[in-house]
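See below for the structure under consideration.
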Amino acid sequence: MKGSPFEKVALSDVSFTIPSGSFTAIIGHTGSGKSTLAQHFNGLLRPSKGTVRLGELEITADQKPPSLKEIRRKVGLVFQYPEHQLFEETVEKDICFGPMNYGVSEARAKKRAKELLHLVGLPDTYLQASPFSLSGGQMRRVAIAGVLAMEPDVLVLDEPTAGLDPEGQRLIMDMFYRLHQEKELTTVLVTHNMSDAAKFADQIIVMSQGNVAMTGDRQTVFARADELVALGLDVPETLQLLLQVKERFGLHDVPPLFSLEELADFLAKELQQKEGQPCSKI
């Protein structure tokens, strides 16, 4: 409680810029403040001090509701387990709810719902189905379509793969990256999954105890592996393997590599140089 002995500052001295059109990952240990930070992006939480700026719009402690409504249209927030937010009788009604609440006509909202269902990888035959008759993964895609129906400029993903098996995680993240590219969205991924951050992000923000511990592109951040480990974070599996290979074979000046394909290419070239003969990928 503010002003009491039990007051706890969740975020302090946090300052950074997310470029328009970028894919930014916010990573941090449990309790680092990353999810609290994400909820400030669309005014779900307001700062007790300071300002959150979205283009020409601002969120402050005393921000008036009309501006917040516009901000919440521009910034779509996908929570953990977004399927828990489904409530309508049909998939179509659920996707249409947000746009119609903002004044979009029913006909236009229905057209948008059909297009978005395809975009998230579901057939339009699901439009009249109850969302509660679908599988967990399908329900999550419907919930995501509902967020996209607001046509946000910024998409904030708070641990969007929580509760999914590895294959489901891969499919959902590939879908988000495709949407990021096709819709030219500014995408913010809040995650503890270092492999997803390394694979998709242009920029990475590392949170620790409510502060920004480091920022930079993925090459810069993951080159500081020892510091990440000290913050209670892992490095991506590919980089872990790369560190083992460097130690085993005495390699130097190895750039950060973020996929098995990049690692295979690099090792093939290294072996070719060492042996002086062509070498196929391994």
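For all residues, glycine too, the Cβ spot is worked out from N, Cα and C.
Taken together, the residues in the domain 'ABC transporter' (1-234) have a mean pLDDT of 91 on the 0 to 100 scale. According to Swiss-Prot, the domain 'ABC transporter' annotation covers 1-234.
According to Swiss-Prot, the feature ATP binding site maps to Gly28, His29, Thr30, Gly31, Ser32, Gly33, Lys34, Ser35, an assignment based on sequence analysis. In this view, Gly28 (ATP binding site) is surrounded by 25 other Cβ atoms within 10 Å of its Cβ, with every protein chain counted. In the three-state DSSP classification, Gly28 (ATP binding site) falls within a strand.
Of the listed binding-site residues Gly31, Gly33, the Cβ environment within 10 Å is emptiest of other Cβ atoms at Gly31. The ATP site, placed at the center of the C-beta atoms of Gly28, His29, Thr30, Gly31, Ser32, Gly33, Lys34, Ser35, has further neighbours from the same chain whose C-beta lies within 8 angstroms: Thr36, His192, Met207, Ser208. The number of other CB atoms found within 10 A of the CB of Thr30 (ATP binding site), across every protein chain shown, is 8. Ranked by how many other Cβ atoms sit within 10 Å of their Cβ, the binding-site residues His29, Lys34 place His29 at the bottom.
Taking a C-beta cut-off of under 8 angstroms and a sequence separation of 6 or more, Ser32 (ATP binding site) has the following same-chain neighbours: Met207, Ser208, Gln209, Gly210.
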